[in-house]
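Q: What TrEMBL records for this protein is below:
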SITE      P108  site 'Important for tRNA non-discrimination'
DOMAIN    160-451  domain 'Aminoacyl-transfer RNA synthetases class-II family profile'
BINDING   E193, R236, S377, R381  L-aspartate binding site
REGION    215-218  region 'Aspartate'
BINDING   R236, A237, E238, R244, H245, L246, E374, G422, L423, E424, R425  ATP binding site
BINDING   E374, S377  Mg(2+) 2 binding site
BINDING   E374  Mg(2+) 3 binding site
Amino acid sequence: MVTQINTRQVTFDENMIGTELGDWRRTTYSDQLDPSMDGKQVTVMGWISSVRDHGNLVFILLNDKQGQMQITAKAGVCPDDIKETLVKLKEQSTIAVKGTVKPSPKAPKGVEIAPTELRVFSQVEKIAPFTWQTKTVPNIDTRLELRAVDLRRNILQHVFKMRSLVLKSIRDYLYEKQFLEVNTPKMIATATEGGAALFPIFYYNKEAFLAQSPQLYKEQLTLSFEKVFEIAPIFRAEASRTNRHLSEAISIDLEEAFSDYNDIMGHIENIIKRSITTVKEYCEKTKSTDYKIPEIPDKIPQYTYTELVEKMQNAGAKTKWGDDLYPSQLKKINLTGFYFIKDWPLAPKPFYVKAKSDNDKTSESFDLMFGDLELSSGSTRIEKRNELEERMKNKGFKLDAFDYHLRVFDYGVPPHAGCGIGLERLMMALTGTENIRDATFYPRDVDRLTP
Ligand code: ATP
Ligand code: MN
């Protein structure tokens, strides 16, 4: 039977060339091919990345998720209709090939595949605005509009493979330290901290919000599980357009009973070290040289907030004690790499942050920085109900709205501390990615709700 698989291009004999997956299954990924497989029959699948037609010889480079391989159709050896079909296929078309492995020193992995059967699943007619090799595209929106195709570019492939491995190494660390992985509600009744703007939603007949942080829930869970962590989205209505803010970001949140902010800084140090090792190993293995991997000293430097404000003032910054430290002002003292800023003023901190015992104007709190980029905020939390209520009243919170939370404090909340680490920002620091959108599969920001 002769079939037309698309409007105009290729017509072929379905005995040898099909269009449906049917019972075909991949036997081999590109990275599993090697010359010792000489003569072996394989089924490979993927996307065409280039077609070179030399008349009697047609070379196809085929990409799968593991890399690239070469299909070689030679006149007289390859069935004519397969060769004719292959030569007409455009880049990014999705195909499967059954064929015989042959050593070929110049081809990727040192082998080529001589096709005996072909399936053409998805014939591409358009030229994509970018390919696997495209390193930069001037306008990020062009890429984001076609994100799934953009994500095929090698440069992003590596970032997201590293992201996955970094997540695994962080999970491994926390499991080793006997943290329990939890999930807390993302649809909530009240704001957890004030400040950051919330996204309101309809919850049946009531107004509710998307959670800006798992803060109160993870604190409550220290009472039942002692050490918990959550890796999940946080939602923030960030009206400003920056390269470091998303409306939906992934937060790695830890909370630990019977510990204080110094213990949490210790965990963060270990997490950053493991993450760097993970990224380094990945780049060595894949010979990727496009990423700026940061160095880390044995101990991450710690500066007090007060100390830095003085330094900044000496460097001409307008910052006063009590102000937030903005990137533009921080730049003046040129701190690079990873460092902690600790003992922040208490007043601007959320109500659950504990004051320092020797100076109640400051708090047991820290930010982990990378240059002028904030990666994490953490603190020792208040465990006593009366202190918590006092802080909430001072901040003008209605205690009634938090009764669901405050009542827990009548039943033995342990001393505890924790932090939230922004995953996308961490990946920016680990890979030298400049725009947070490129550490996010489908970024959400003030201008973007699709794709
Ligand atoms: P910033 O001052 O940079 O806006 P923040 O202090 O408001 O951040 P926190 O509430 O301390 O943020 O959240 C903890 C961490 O979560 C931050 O250090 C950051 O890594 C990450 N994070 C917070 N908001 C965002 C956001 N809008 N987009 C991406 N990551 C975020
Ligand atoms: Mn913060």
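Here the Cβ of each residue, glycine as well, is placed from N, Cα and C on the backbone.
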Q: Looking only at the region 'Aspartate' (215-218), what are its DSSP counts of helix, strand and coil residues?
A: 4 helix, 0 strand, 0 coil
Q: Under a threshold of 6 Å between Cβ and any atom of ligand 1, which of the recorded positions P108, R381, L423 are retained?
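A: Checked recorded positions vs ligand 1; nothing flagged, none.
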Q: If we check Cα distances from E374 (ATP binding site), which of the recorded positions P108, R236, R381 wins as closest?
A: R236
Q: Taking only the recorded positions P108, R236, S377, R381, which one has a CA atom nearest to the CA atom of L423 (ATP binding site)?
A: S377
Q: May I ask which residues of the same chain, at least 6 positions away in sequence, place their Cβ under 8 angstroms from the Cβ of R381 (L-aspartate binding site)?
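A: Listed in sequence order: E219, Y352, V353, K354, H416, A417, G418.
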Q: When the Cβ positions of the recorded positions P108, R236, H245 are compared with the atoms of ligand 2, which fall under 6 Å?
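A: Qualifying residues: none.
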Q: Give me the non-local Cβ neighbours of H245 (ATP binding site): same chain, 6+ apart in sequence, Cβ-Cβ under 8 Å, ordered along the sequence.
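A: Listed in sequence order, they are R236, E238, I436, D445.
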Q: Are there any residues at least 6 positions away along the chain from P108 (site 'Important for tRNA non-discrimination') with a Cβ closer than 8 Å to its Cβ? List them or say none.
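A: Residues satisfying the criterion: S30, L61, G67, Q68, M69, Q70.
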Q: On the Cα atoms of R236, A237, E238, R244, H245, L246, E374, G422, L423, E424, R425, which are listed as binding ATP, what is the maximum pairwise distance in Å?
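A: Site span for ATP, by Cα atoms: 18 Å.
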Q: At a 10 Å cut-off from the C-beta of S377 (L-aspartate binding site), count the other C-beta atoms across all protein chains.
A: 20
Q: Most Cβ neighbours within 10 Å: which of the binding-site residues R236, R425 is it?
A: R425
Q: Measuring Cα to Cα, how many Å separate S377 (L-aspartate binding site) from R425 (ATP binding site)?
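A: It is 12 Å, counting Cα to Cα.
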Q: Note down the number of other Cβ atoms within 10 Å of the Cβ of E238 (ATP binding site), including every protein chain shown.
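A: By my count, 17.
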Q: According to DSSP, folded down to helix, strand and coil, what is R236 (L-aspartate binding site)?
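A: Reduced to three states, the DSSP call for R236 (L-aspartate binding site) is coil.
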